[in-house]
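What TrEMBL records for this protein:
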- Lys71: active site, for sulfotransferase activity (ACT_SITE)
- Lys71, Gly72, Gly73, Thr74, Arg75, Arg152, Ser160, Lys277, Gly278, Arg279, Pro280, His281: 3'-phosphoadenylyl sulfate binding site (BINDING)
- Cys260-Cys272: disulfide bond (DISULFID)
- 62-297: domain 'Sulfotransferase' (DOMAIN)
- 16-36: transmembrane segment (TRANSMEM)
Amino acid sequence: GVVLRKQGVDTHPKRVSVFFTMILISIYLFYCLTGYCDSISSAYDTYSNLSVSNNFGTKEFPQAIIIGVKKGGTRALLEFLRVHPDVRAVGAEPHFFDRFYEKGLQWYRNLMPRTLDGQITMEKTPSYFITREAPPRVFSMSRSTKLIVVVRDPVTRAVSDYTQTLTKSPDLPSFQNLVFKNSTTGLIDTSWSAVRIGIYAKHLENWLRYFPLAQFLFVSGEKLVTDPAGEMGRVQDFLGLKRVVTNKHFYFNQTKGFPCLKKPEGSSRPRCLGKSKGRPHPHIPAEVLHRLRDFYRPFNMKFYQMTGQDFGWD
């Protein structure tokens, strides 16, 4: 019945355990005050986010594809769309329906980003619009695919196309040498891709054999520059998305001559398109452009009729 006590030391087990608990709490609080446990929890959050993003959602075939046109403003449209939280898009152009079709649909699906319920998967490959085999191939993947075509005045589009090629091949013949089959007669060479791409009515006919007009949205490349929020409103409505991308996302870059995104998510800097966009065009004689404009006029008129939209190029 004798309880041993040393002088000044309490040997009661309950009191000792409380004492040790107090020491542990004090140490924990000290480390938290110095920011140590923040770094542990943020490391944990990073790890858990990684595992979530790697395993969350599923890879789906795209419900919407930007199928054209080259030098029309497709990259700008995709970058503007990617601001929307419900849009998930492939960064690079997959070229599945024109170049890599033999790799199979599973290969294609695997290129897609993972999506959650309510999100849509997209990709853009502008050469699909002019590829003869693309419409039946897209149709066999899904007949309900929504198709977006960004179009631009075919004359300025051709010059832009030529300018891009010129930066890669500086020894290219002049624009006028390439555009005419015969400069004396002024006959336009429709076998030159820079000219052929702009005959929109011809390419659209091929697509309309497989898809109804209601599944297409024709975006004005010009309006995408002068009124990006207005065109983005039409695009979001067409895709069945809430109008999230609005005026507040854009500002006009005077140097480049087109709109930039103010502040992309998680970035402190505005985002403009790369150096390759907004290149200065070489000087082309007015007479050459006039002849090309005359050549395109009937095709433009037919395109306006087919789409029910007047793009004001003439």
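Placed from the backbone N, Cα and C atoms, the Cβ positions cover glycine too.
Restricting the average to the domain 'Sulfotransferase' (62-297) gives a pLDDT of 94. The CA atom of Ser160 (3'-phosphoadenylyl sulfate binding site) is located 6 Å away from the CA atom of Lys71 (active site, for sulfotransferase activity). Ranking the recorded positions Lys71, Arg75 by other CB atoms within 10 A of the CB puts Arg75 at the bottom. A simple way to gauge crowding: the CB of Cys272 (disulfide bond) has 18 other CB atoms within 10 angstroms, across all the protein chains here. For Arg75 (3'-phosphoadenylyl sulfate binding site) paired with Cys272 (disulfide bond), the C-alpha to C-alpha distance reads 11 Å. A simple Cβ count within 10 Å picks out one of the recorded positions Gly73, Ser160, Cys260 as the most packed, and that one is Gly73. Candidate recorded positions: Cys260, Cys272, Pro280. Nearest to the residue listed as 'active site, for sulfotransferase activity' by Cα distance: Pro280. The Cβ neighbour count for Pro280 (3'-phosphoadenylyl sulfate binding site), using a 10 Å radius and every protein chain shown, is 7.
For the pair Cys260 (disulfide bond) and Gly73 (3'-phosphoadenylyl sulfate binding site), the C-alpha distance works out to 13 angstrom. It is 16 Å from the Cα atom of Cys272 (disulfide bond) to that of Pro280 (3'-phosphoadenylyl sulfate binding site).
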